[in-house]
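Beneath this line is the structure, given in structure tokens, with notes to follow.
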There are 2 protein chains.
Amino acid sequence: MRVLGVDPGLTRCGLGVVDGGKGRSVSCVAVGVARSPQEDELASRLMAVSTEVERWLDVHQPQVVAIERVFSQHNVRTVMGTAQVSGVVALAAARRGLPVAFHTPSEVKAAISGSGRADKKQVTTMITKILGLAEAPKPADAADALALAVCHLWRAPMMDRLAQAEARAAELARNHRAKLKAARERSAQQKSAGPKAAPETGGKTR
Amino acid sequence: MRVLGVDPGLTRCGLGVVDGGKGRSVSCVAVGVARSPQEDELASRLMAVSTEVERWLDVHQPQVVAIERVFSQHNVRTVMGTAQVSGVVALAAARRGLPVAFHTPSEVKAAISGSGRADKKQVTTMITKILGLAEAPKPADAADALALAVCHLWRAPMMDRLAQAEARAAELARNHRAKLKAARERSAQQKSAGPKAAPETGGKTR
């Protein structure tokens with residue numbers, strides 16, 4: 001499966017394409033960043049990043065797009081731009097019928113380094129090793145995008161299993177509720193039928 | 001000038017088209033909401049809202065798109081979706097070469113009601129009166145979108161004047177700095193020329 005990982009940003013939007021093979025084998029297809037000039041207006045910056053992302057979708061034909069989930073605990077202005085970029089990237093993927101997955105920074109760190117608290121440097125070092133790259137991808141946003149793609153490839157089978165298990169559990173719960181409801185209805189019918197029938201049959205038997 | 005006002009949101013995205021005439025005269029062209037099902041995935045919800053906004057752009061052909069500026073002081077999850085919608089709307093406008101303006105909720109309230117602290121109800125009442133509508137637009141998101149469009153029409157001339165004044169001030173400052181720099185350079189030349197020239201001419205005159 002081929003995944004495009006996206007570390008959303010207006011100034012630098014990290015992009016990384018990774019192929020996943022058997023088990024945990026992964027290989028880097030392409031890595032880079034989409035940029036937009038800081039002095040431009042927001043709408044044209046979003047367009048510049050979106051156009052570059054669409055070019056990557058056309059050139060590399062990924063089957064899934066994995067985007068970093070944005071949180072608002074950081075700088076408010078930056079976060080809004082980041083959220084807007086993640087929106088236009090998700091839209092570009094959806095328009096091509098591609099599934100979009102979101103992973104949080106700590107999910108990515110945990111998947112790549114085994115710890116949700118790893119710092120940027122550790123993630124870069126690990127992703128360089130995992131993908132067997134000759135040198136560390138630069139800037140950090142590009143490395144993060146590769147980490148996102150690998151995180152998706154490694155988490156996706158687990159998430160699928162989880163989704164299947166949840167669906168099974170939900171079905172069992174539905175069946176159980178249906179049986180309970182049927183039992184309640186039967187007992188209610190017997191009750192409502194009971195008092196009416198009682199005098200009749202009672203009359204006969206007595 | 002025709003403005004499309006957008007109150008961004010995933011569940012309900014308010015849309016209002018307003019024509020501005022001479023002075024402060026304004027008239028309502030269309031009002032409504034773009035919706036997306038809450039149970040759908042984020043990417044497909046963004047696509048649903050974006051597609052509807054693009055339909056409005058095609059049908060009503062506005063010259064400007066005015067979007068409510070999103071702040072992150074509210075519910076984090078909602079805000080992220082709202083920011084993502086504002087991103088895809090800005091992108092749709094930019095793709096059509098339309099200018100995009102952002103106004104904060106308090107700018108809209110101040111423009112419409114004279115107070116930045118007016119509540120939703122007051123804004124709806126005022127916009128209904130301003131546009132001479134038979135009844136209040138519903139839901140509130142639709143009324144907010146109209147208010148945004150009117151806010152833009154009323155603020156735009158002022159913002160243009162402000163931008164011109166700022167550009168003029170910046171030019172004056174630039175000229176002033178250039179003159180200062182030239183004066184400093186002249187004085188530096190005179191100083192560096194001074195000591196060298198002094199002995200020569202000094203030798204001759206003495």
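Just so you know, glycine gets a Cβ as well, placed from its N, Cα and C.
Where the annotation comes from TrEMBL, it is an automatic prediction and has not been curated.
Pulled from TrEMBL:
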- A:ASP7: active site (ACT_SITE)
- A:GLU68: active site (ACT_SITE)
- A:ASP141: active site (ACT_SITE)
- A:ASP7, A:ASP141: Mg(2+) 1 binding site (BINDING)
- A:GLU68: Mg(2+) 2 binding site (BINDING)
- A:175-206: region 'Disordered' (REGION)
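What TrEMBL annotates, mapped onto the structure for a quick look.
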residue  : record      : DSSP class
A:ASP7   : active site : strand
A:GLU68  : active site : strand
A:ASP141 : active site : helix
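Remark: A:ASP7 (active site) has A:CYS13, A:GLY14, A:LEU15, A:GLU68, A:ASP141, A:ALA142, A:ASP144, A:ALA145, A:LEU148 as non-local neighbours, by Cβ distance under 8 Å and separation of at least 6 in sequence.
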